[in-house]
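Database features, via TrEMBL:
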- D413: active site, 4-aspartylphosphate intermediate (ACT_SITE)
- D413, K414, T415, E665, F707, K731, R773, T853, G854, D855, R962, K968, N991, D992: ATP binding site (BINDING)
- D413, T415, D988, D992: Mg(2+) binding site (BINDING)
- 96-115: transmembrane segment (TRANSMEM)
- 293-318: transmembrane segment (TRANSMEM)
- 338-365: transmembrane segment (TRANSMEM)
- 1046-1065: transmembrane segment (TRANSMEM)
- 1077-1098: transmembrane segment (TRANSMEM)
- 1128-1149: transmembrane segment (TRANSMEM)
- 1155-1176: transmembrane segment (TRANSMEM)
- 1188-1210: transmembrane segment (TRANSMEM)
- 1230-1249: transmembrane segment (TRANSMEM)
Amino acid sequence: MGSLEVWSLIKQGWRRKPEQEDKVRRLISNLPYEDLRRKYQPNRQYANNSIKTTKYTVWSFIPMNLFEQFHRFANVYFVVIAMLNFVPIVNAFEPGVALIPICVILILTAIKDAWEDFRRYQADKQLNNMPCSIYSRKEKDFVSKCWKDVRVGDFVKVVCNEVIPADILLLHSSDPNGVCHIETANLDGETNLKQRQIVRGFAAPDGSFQPEYFSSIIYCEKPSNNLNRFKGYLDKPDKKKIGFGKENLLLRGCTVRNTDEAAGIVVYAGHETKAMLNNKGPRYKRSKLERKVNTDVLFCVALLFIMCLIGALGYFIWLETFPDIPPFVPPDSNNNYISPALSGFYMFFTMVILLQVLIPISLYVSIELIKVGQIFFITNDIDLYDEETDSRIQCRALNITEDLGQIKYIFSDKTGTLTENKMVFRRCSVMGIEYCHRENALRLGAQCETISDDEDIVFQKPKVPSRLQYRQKKGISSLRRSQSARTHMGARYQSEVFTITNEVAFSSPLETDVAPDRRLLRVTCDEKTQIQEWCRVSHCNGSASFMDFFLALAICNTVVVSTAMLPRQRVHSSTLKTGGRLQSLLKRMGSLSHIVNSFQSIPEKSSKSRSSLKDVKEEEAEDYSDSGSNNPSRRNSSASHHSEEERGTVSDPNGLCYEAESPDEAALVYAAKAYGFTLLARAPDRVTVRLPQGAVLSFEVLDTLAFDSTRKRMSVVVRHPITREVVIYTKGADSAIMELLDCHENQAEENKRKKIASKTQRHLDLYASAGLRTLCIAKKVLSEQAYDDWASIRQEAESTIDNREELLMETAVHLETNLTLLGATGIEDRLQDDVPATIAALREAGIQVWVLTGDKNETAVNIAYSCRLFNQGDMVFTLNTDSREQCESILDCTLGEVRRYTAPSQSWSFQSIVGAVMPTESTGPTFGLVIEGRTLSMVFEAHLQMKLLELARHCRSVLCCRVTPLQKSAVVKLVRNKLKVMTLSIGDGANDVNMIQTADIGIGISGQEGMQAVMASDFAITHFKHLKKLLLVHGHWCYSRLAKMVIYFFYKNVMYVNLLFWYQFYCGFSGTAMIDYWLMIFFNLFFTSTPPIMFGIMDRDISAETLLGLPELYKTGQNSEFYKRATFWIVMLDAFYQSLVCFFIPYWTYQGSDIDIFTFGTPMNTVSLFTILLHLAIEIKSWTAIHWGFMVGSVLLYFIVALIFSAICINCNPPSNPYWIMENQMADPVFYLVCIITTVVALLPRYIIRVLQGTLALSPLVQARKLDRLSTEARDQQIKNWKSQRSPSEVPTNLVSPVDSFSNSFEQSFYNSSLEREMPDMQWDSNEETQNTFSKGHRRSISTMTV
C-alpha cells in the first residue's frame, strides 16, 4: 500500500462525522488500518471489548468506598458525633474511643464490598482472556487472540459450541443455506435454537470468506439494550444499500450450535453490546417497612434533640444556682471562665455525644444480615424446589423480603402462569367442518390416568434425586447440541439420546403425540385428488384446501428442525417442477401406513383407549390396504432423480426434533406431522415438507412477516413448488384474520365463503368457551407482478433506519389483505397443579387477585372459572365497548347495579377506602368483573379510572382480556398509586416484564417462554402454586420477624440511653456517665447485638402447617399489626418505664453509701442487660438450641469481658477506674438481689399484658399458636372447625386435589355435546365415553350481566 493511499485512509479516519452519525453508528473494516496506531483507527471512538464490572481499583477503593458509605445518613451522623468528641470543650469520652463503633461498621462494610469486588475482578479477568479468532491482514488468516483484543470493525470467526465474544454482523456461515444456529440461554434463558442468517448477498458460491475484500460501509443504530431490535444497512461501493436486522446479528454471550463455523464483522463491543447493556445487576427497592423505619429514626432524632435540650437547660439552671463560679468548673486556655449560657450551649453537644446510641447505628447492618438469613431459608425450602427442572426459588432483590407479607393485590398473567403453557392440539375446523379428534382425547385421557398412577407410586416412595444425579442426566441431553455438524455419535449413545428428547423445549409426549381424527385423516388420504386439484387451480377449492391447511400449519412458523440422533442435517432438495418431475411425484404417492403406524407411538393406556385406538387402526388399514406399504426400498426405487443427500434426513421422520420459540408453533407443527405433513428442514430461503404420500416438496421462502402484538398474526410468503405461484400463508387471532377475508365477485362463491366463515366463527366461539386457545389459518395467492412491486417496497423499508418498524408494519399490513379462510385450530393449555387451591387460599388471606391476559374473552372467562377465580354464585359483569360515552354510561349503570346489593351502612366513597384491603363483607351476592382491552383504553382516555377502581373494589376478582403489555403495567400502576396498597405481579413471558417491574414485588415464572420475566423479577419460582407458601408462610415470617426485631432495636437503645439520661439529674447535667465507656460501647456492639439478629432470622411465631391451613392469618401483615405507629410509641413508653426501674431501684439501694461512680453504674449495666435479653425472651415464640446458645452466650460474654476488663484496667479512666469493681460486685449478695428484683419489676407489666392477651383477648394469632401445641390430628380438626364457623361466602367451593384437578382438566376438554347442540347436522359418535362432560366447576348457574 503506497504512502498516498495510507494518507488518504488516515484522512478518512480523521474525517469529521456527518450529521447523520448523531443518530446512527458508522463503521468500516479495520483491516486497512491494521498497522496504524489506535489514534489513527477509523473506529477508535467506539468501546473496546474489554469488560470491567468492578467498582474500585487498589488506589480508589478507600476513598470511593467511604464516599458510598457516607451516602447513608446514619453513617454521616455518627462520624459527625465522633468528630465532635475531638472538640475538648464538648467531648464526653476519650476521642479515640468514640470512633470505635462507626469504624467497626465502616470496616465490616468495606470488607464485604472489597470481597464482592474482588470476585467481580476475577470473573472479568477470566472473561477478557478467553480465546477467539480475529482475522489478520498480515497472516491472511484468522489468528487466536483474547476477547479483550476485539475491536469494532474486526472480523471474528466462531465455531460450533463457542461463545460469541461481541455483537457480530453475520457475513459468512459454513452452512450452505447461510444459516447459523445459536442458543441464547445466557441472555434470555431460552434453550431452543434460534436461526441467524448472513446478510443478503454475501453468500459465497465456493463457501469461502475473504474479509480483506470487504469494502462496504456499515450504518446501524446506536447501542441499545433491546435484544429484539437491531436495524441498519450496508452501503456498498456501487451505492447499493442492503438492509439487515436482528436476524443477522450474533449477540455476545450466545453459543453457536449445529454450525461448523461462522464469521462476521463486530458492530458492538464490550460495554456497548446488548448483553452488557442488559446486565444491571441486583435490583434495589425500598421496602414498606424500611420507609417506616426511616420515619421512626427521625422520631428518635427529635427525641434525642429534646433530651439534649433538657440537659443543656438543666446545666444552665444548675450553674445559675451558684452565686460564684463553682470550683469544679475549669477556665479555658486563656484563663477565662465561660458564661452559664454558653456552657449550656456547649453542654447540648456534649449530651448529643453521650446519648448518641439513641440513634441505632447497627440497626441497618442488622437488617441486612437478617434479610440475608431469611433469603437463605427461603431458597433452601424443599417445598419450593422443582425436581423436574432441578431449580429452586431465586431471590434477585435482597431487601424486600418483608414485603412478601403485606401484599394486598396480585396481578397475574394467564398463559404459562396459571396454565402449564404446554400446548396440546385438541380440535380443528377446516372449510367450515369441525373435527373433534376423539382419538386424541382418548389418548390424553389415558395419559392422565398413567400420570395419576405414577403420582401414587411416587407418594408411596418419596425419593428426591440429588442435584448431581439430575445434572448427570441433563448432561446427556446436551450431546445433541455439543457435537459439530459433521460429528456422528456412536451406537452406544443412541439409546440414551432417544430417552432424553423431552429435554428439547415443547417436546413432551403430551405435546408431540397427536392422534389424528378419523374423518379428517380419510380426507387427507385422498392421494391423487390432492395434487391434481392443487395443480389445476390457483386458489382454495374443495379438497385442495385441506392440503393448504396442513401446509400452513407446517411452514407458517419459525421452527428450527434438527434430529434426535445427530445435529441438524441439511436438505438440499431442489424445487419440484411440473412436467416430468410432476409425473415422478405422482408415481411416488404411496400408502399412508406410516400415518396409521403413528398410533403405535402412543403408550398403552387403559383398556378402553387401547381398544378404541385398535379399531381406528383396523378401519384405516382396511380403507387403504391397497395403497401399498411404507417401505424404504420402494421409496428408494421411486423418484430416482432425487439424490441420496436430498433424501438423507427424511428417512425417519420420527427422529426429527423441532426447536420452537413458542409452544403454539410446536403444537401446530406436531399436529401437521400427525397427518403426514412433516416439516423436514428449514433454511432462510427454503422450507421442506414431506406429504402423507411420501412426496417431498421444497418451498422457496420469499419473505417472513413475523408476529407482533399490533397485527396479532404472522405470515410466510413462499413460491409454490409446482404451480410456481406466490402464496401467502397466514395464521393469527380470529379478530385479526376475519376482518381481512376476501370478497368474491361470484355471488354463489361469496355465499359459500360467508357460510364457511360463519361456521368457522361458531367453532371458534365454542373452542374459546371450552378454554381452548384459538387461531385462524388463511392463505392468499399473489400475482408475480404484485409480488415484485411489494418486494421492492419491502426492500426499501428494510434498508432504512429511521421509522424502519413503521415502514415494515405498513408493508406487512398492505400484503395481508383479501385472505381466503382455510380453517381454525383449538389448542388446550392446561391449568398447573393446585392453581384453584392456591387462588382460593390467597383470597381467604385477603388478597384480591386480578388476571391480566391477552387471550380473548371466552377463553379467559373459561379459565377463570376453572381456576376458581370466579365462583359458581358470582354475579359477573362484562364491560365491552369502544365508545367513551358508552364506557362512562356502562360504568355508572354497573355501579348502580352493584350498589343495589350493598347496604347503605356499608357504602363508601373512594376517599374513604384508600388503604382498605377488600370490600366490606355483606350478605348479598359476590361480584366479578370482566373488562376488554379496548374498554380499558377508553377508561384511561376518558379519565374514568376512579369509577373503575370503585367498581373493582366491590368485586371479588377482576379479569382483563385482550390487554397489551403496556395496559398491564398501567393497571398495576393505577391500583398501586391510587389505592396506596402493596401490589405483586407474576408472569412468565416477555410481555409481562412491564407489569413485573411496575409492581412493588415482581415474580417471574421460569416456564416455557424463556427467562425474560425471571431476569426482570425480584423473585423467580417455577410454579404458580409456590406463591401460596412464599406469601402465606415465608411472607408472614419475614414480615413478623423483621418488624418485631426493628421495634425491639428501638426499645433496646432507648431503654439503655435513658439510664444515662436519668443520671444527669443527679450529676448536675454535666454529661458524666456512671458506666465505663468501653463497656458502653461493647454493650451495643457485642453483648446485645447477636440475639436480635437470630430472632429476626429464625423465630417462628406460627408453624407453616397452621399458616397454610388458616390463610386468614396473613391479614395481620396486610394491616401492619406488628409495626404500627401506636406500637412504636407504646414500646417507647415501655422503654422509659423499664429504664426508670433499672435506674432507681439500684439508686435507692445504694443511696447514702460511699461507693464510687463505676461501682454504682455496674449493677445498672448488668440489670439492663438481663432486662433487655429477657424482654427478647418474652417475644421469642419458638425456642431452639441456637436461641438458647446466643442468649446464654451473650450473658457469659458480658461477665467474661467485664471481669477481664476490671482485672487488667488499672489506670484506664482516671481519676475513677474500674479496677476490680466487677469482682467486688459479684462477691456482694446485694448485687444479685438488685439484679433479680429490678429485672422482675421492669418486665412484670409486659409479662402480665402478654398473659392477659393469651387468656382473655384471644387474637387469631394467639389461637393459632395454641393450635400448634396440639397433635397433628387434633390441629387439623380444630382448623376444620374454625373454617366451618366462617360465613358461607368465605368458604371456597369445589376445591379439588391436584389429581382431581388434572382429571377435571381432562373432562372439560370434551365438549362434543355442546357442539352437537350447536351443529346437529354434523356427524357425532354415540360412544358415551367420548361425549362432552363439563367439570363440576362449569356446571354453574350464575347471573352474568354483559353491558
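The backbone N, Cα and C atoms fix where each Cβ goes, glycine too.
A TrEMBL annotation is a machine prediction, not a hand-curated record.
Mapped onto this structure are the features recorded in TrEMBL.
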residue : record                                        : Cβ contacts under 8 Å, 6 or more apart
D413    : active site, 4-aspartylphosphate intermediate : V851, L852, T853, K968, I986, G987, D988, G989, N991, D992, M995
T415    : ATP binding site                              : N421, R773, D829, T853, G854, D855, D988, G989
F707    : ATP binding site                              : R713, M714, G732
R962    : ATP binding site                              : G854, D855, K856, N857, E932, G933, R934
Residues D413, K414, T415, E665, F707, K731, R773, T853, G854, D855, R962, K968, N991, D992 [recorded ATP binders]: greatest CA to CA distance in Å:
25
How about long-range neighbours of the transmembrane segment (1188-1210): same chain, 6 or more residues beyond its ends, C-beta under 8 Å?
1076, 1078-1079, 1082, 1086-1088, 1090-1091, 1094, 1162, 1166, 1169-1170, 1173, 1176-1177, 1217-1223, 1226
What count of other C-beta atoms do you get within 10 angstroms of the C-beta of G854 (ATP binding site), across all chains shown?
22
Counting across all protein chains present, how many other Cβ atoms fall within 10 Å of the Cβ of N991 (ATP binding site)?
22
Intrachain residues whose Cβ lies under 8 Å of the transmembrane segment (1155-1176), provided they are six or more past its termini
1048, 1051-1052, 1055-1056, 1059, 1072-1076, 1079, 1083, 1087-1088, 1091-1092, 1095, 1138-1139, 1142-1143, 1145-1147, 1149, 1191, 1194-1195, 1198, 1202, 1216-1218, 1221-1222, 1224-1225, 1231, 1234-1235, 1238-1239, 1242-1243, 1246
Candidate with sparsest Cβ neighbourhood (10 Å radius) among R773, D988, D992, the listed binding-site residues:
R773
Which of 293-318, 1077-1098, 1128-1149 shares the most C-beta pairs under 8 angstroms with the transmembrane segment (1046-1065)?
1128-1149
What residues in the same chain, six or more past the boundaries of the transmembrane segment (293-318), come closer than 8 Å to it by Cβ-Cβ distance?
74, 340-341, 343-345, 347-352, 355-356, 358-360, 363, 367, 1046, 1050, 1053-1054, 1057, 1061, 1064-1065, 1068-1071, 1128, 1132
Hey, would you say the transmembrane segment (96-115) packs against the transmembrane segment (1128-1149), going by three or more CB pairs under 8 A that are 6+ residues apart?
no
